[in-house]
RNA sequence: GGGUCGGUAACUCAGUUGGUAGAGUAUCGGCCUUUUAAGCCGAGAGUCGCAGGUUCGAGUCCUGCCCGACCCA
């Protein structure tokens with residue numbers, strides 16, 4: 001076989017023959033009036049006699065997914081967005097010409113229209129008796145195998161359209177994703193938050209510690225960065241007088257791809273004036289309980305075989321205490337930088353031994369020893385100030401920030417804090433960050449966002465803000481082990497020719 | 001970046017010690033007017049990820065590379 005496989009050749013020849021008979025391959029006149037799901041929902045329980053009395057015809061369109069040929073009649077399954085419905089294609093009903101045309105030229109994968117009354121087969125399946133059947137869109141390529149479907153993970157991601165045709169569970173994941181996004185928008189709107197859009201392209205990437213994507217604007221003749229977080233712009237809006245704002249959109253981080261990381265991911269950030277991080281813990285509990293009830297009708301879900309219970313209140317454990325009690329790190333080790341490094345080496349936790357910031361070393365220990373153990377929803381609070389450059393200091397202990405991170409199923413799901421609004425301290429924190437920056441660390445931008453400081457100098461009301469990783473929330477509620485399962489088109493290396 | 005596993009027909013997968021590349025689905029032809037992965041008979045379909053190497057002979061062994069999954073960092 002040369003450049004074209006046998007199957008593709010047959011399809012192409014069939015299409016050409018149809019066209020030469022004056023039958024259009026891609027007509028645009030057919031208007032379906034019914035959908036598979038609604039028909040089955042309404043008439044599924046009708047008896048054969050009741051169906052016969054209906055005297056109504058139904059008109060559906062969808063993809064031809066299955067075909068069982070009996071010579072002078074055949075059963076087909078047609079799939080639209082709402083589900084599958086069976087139709088019975090009978091020579092005596094259609095007439096010999098149309099029947100022959102269907103039999104010879106309509107293939108699995110074609111999009112077709114069927115019109116006719118409903119009846120029940122011997123086996124009790126609700127079925128459309130086809131009085132009319134038309135080709136709506138010819139498929140030039142065959143569908144994957146009807147029973148096993150499309151399994152190859154690489155192909156599923158590269159040809160997501162096929163994955164969606166073949167795998168109902170995948171369709172369900174993305175419907176759930178949309179429901180979750182809609183839930184957040186509805187929740188925040190109902191709570192008086194204004195949804196806003198701030199720059200995705202930023203002259204100075206800020207609001208997080210991460211390596212950005214760089215691009216170039218020709219007319220402005222300057223480099224721009226795809227945002228790693230919207231934080232610094234949302235806080236400018238607090239300065240501007242919007243007291244409750246949120247943004248739900250994409251962030252970009254130029255980092256590795258893993259089971260929990262995609263270079264572009266969806267983040268919800270919200271900011272609430274006159275609130276504290278403690279208020280946000282309560283709000284966060286409320287959000288997840290409401291979401292679980294809406295999606296599952298329960299405050300419990302099962303994720304990868306583990307039951308997760310959102311019933312509040314959730315434990316609130318100080319960062320250092322978690323390291324000691326959950327991570328099993330002795331307190332005297334934590335307070336000594338050299339001992340921390342030795343400890344990490346013994347435990348084979350990879351750290352940069354030149355790292356001068358003690359909090360960053362602690363964070364590495366936390367990621368390795370504590371995070372995987374936080375299965376039930378848990379707030380870790382009182383983060384070291386030196387890894388919380390945008391958070392307000394605790395009034396009693398200035399070495400920790402009024403900050404929490406939420407962990408569920410061994411993963412960070414949310415990050416929140418009372419916002420630092422003292423412009424002097426903010427400048428000092430930025431300067432310290434740059435000073436402590438390891439040579440050429442791509443995750444810390446060497447430039448201070450002076451306009452952000454200036455905004456704070458006009459006065460930002462005390463506020464608390466939070467970011468929630470939407471992809472990870474979707475993973476939890478769809479029981480998906482990998483972030484790629486909840487992103488329609490995850491990034492892959494280019495396909496080889 | 002390192003490790004493990006995988007890449008064989010359009011799809012899902014076998015392929016023994018190195019000895020003519022297989023099955024099911026799909027496709028094509030024949031039979032069949034209530035099937036549910038319909039059934040029966042027959043047929044065609046392959047750059048075995050790519051490039052080298054070893055060998056009389058490589059899907060199989062060796063080296064490098066590409067793509068993917070998972071684990072580690």
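Quick reminder: no glycine exception, Cβ is built from N, Cα and C everywhere.
Keep in mind the model is a prediction, meaning the values are calculated, not measured.
Per TrEMBL, the feature domain 'Aminoacyl-transfer RNA synthetases class-II family profile' maps to A:174-494.
According to TrEMBL, the feature Mg(2+) 1 binding site maps to A:405, A:412. Residue A:412 (Mg(2+) 1 binding site) counts 16 other C-beta atoms within 10 Å of its own C-beta, drawing on all protein chains shown.
The Mg(2+) 2 binding site annotation in TrEMBL covers A:412. DSSP classifies residue A:412 (Mg(2+) 1 binding site) as strand under the three-state reduction.
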Cβ packing number for residue A:405 (Mg(2+) 1 binding site), 10 Å threshold: 20
Can you give the mean pLDDT for the domain 'Aminoacyl-transfer RNA synthetases class-II family profile' (A:174-494), rounded to a whole number? 95
